[in-house]
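Positions annotated as active site, cysteine persulfide intermediate by Swiss-Prot, on the basis of sequence analysis: Cys329. The feature pyridoxal 5'-phosphate binding site is assigned by Swiss-Prot to Asn156. Swiss-Prot lists Cys329 with the feature [2Fe-2S] cluster binding site, giving sequence analysis as the kind of evidence. If you look up Swiss-Prot, you'll see Lys207 marked as N6-(pyridoxal phosphate)lysine.
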Amino acid sequence: MTMKLPIYLDYSATTPVDPRVAEKMIPYLCEHFGNPASRSHSFGWVADAAVEEAREQVAALVNADPKEIVWTSGATESNNLAIKGAANFYASTKGKHIITVKTEHKAILDTVREMERQGFEATYLDVKEDGLLDLEVFKAAIRPDTVLASVMFVNNEVGVIQPIAELGEICREKGIIFHVDAAQATGKVDIDLSKLKVDLMSFCAHKTYGPKGIGALYVRRKPRIRLEAQMHGGGHERGFRSGTLPTHQIVGMGECFRLAKEEMAEENKRVGALRDKLLKGLQDIEATFVNGDLTQRVAHNLNISFAYVEGESMIMAIKDLAVSSGSACTSASLEPSYVLRALGRDDELAHSSIRFSIGRFTTEEEIDYAIKLLHQKVGKLRELSPLWEMYKDGIDLSTVQWAAH
């Protein structure tokens, strides 16, 4: 089989729809087109049965009750519904203080900022240099009026896995609603909501080989969590989220979560071996740094800073590799990654970082090609860099006084 270029190594931005998922979706576009809310004929019943089967499949991956799964348009909407919905519902009884983390996805940070505009107070926690949250720092941030805490399961840029079980225990003990953004976690880490003390959890399909435009929010029933709806209309999804359900998208999400449950253990082994091969192949390039803890991390992610190479010029030089610097949602801006800044990386190293994310359809041949290409291009770009020359001459660049410009 000949290798196709460019090589896709950006699975954390999105994944291709697995052909098995696409095949399952197609009948619900044409023949089974009924509205799942149509209760009076078989077109509606067939669609409704498919929606409920998918709800069971999503619940099964995370060991939840299907009744706790609410369909949304994606993880961004789930995050908005969870944070705005819970904070507003409980503000009068619990308080108006929210805790989150500086390395969260923009869908969390911007939602919390919006809550601040509405009169809530927020604490944005620092992480350690390895990207992980210190539990003591989290505990210290809790106030009597803390209503909600939101911490992501797996970071989208550096792939580190936060200590969700421990954080859940702390929140439950203090009576704080605990929300977790698990967009990057499904199919990568085991999630057991019968054990985790998590009240709200956001999911989407397109990071797990399903279609874009569909997600879900887990809303715990015992103890019961209440939310204020953010989307008003026909009262679908038990009033949490109005709007006609997109049966084909939902079927796709159900199927991709079903496959994830079946194949996750094997896939993580294979993907982890490819990631380790990539890391080993790049470690002998001088002045490279891995961003984020390597043990508490999903198998799919490798984020490396190549010192003295500008991230943007690097991406141009390796255009045969589809990779990103920073996350897809913010990589259009030339600002250095706020996640890497929060890990204590300086602007230069944050700017020279590349995120490689590997997935279901990545081959060993592609990884070999990537290693070879990176060795060539990093060398070439550094030859053009006056900073590299100074570094090689033993000059400590942090002591250089640059003229203002």
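Glycine is treated like the rest: Cβ placed from N, Cα and C.
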Per-residue Cβ crowding (10 Å cut-off), top of recorded positions Asn156, Lys207: Lys207
Integer Cα-Cα distance in angstrom, Asn156 (pyridoxal 5'-phosphate binding site) to the residue listed as 'N6-(pyridoxal phosphate)lysine': 10
Local backbone state of Lys207 (N6-(pyridoxal phosphate)lysine), from DSSP in three classes: coil
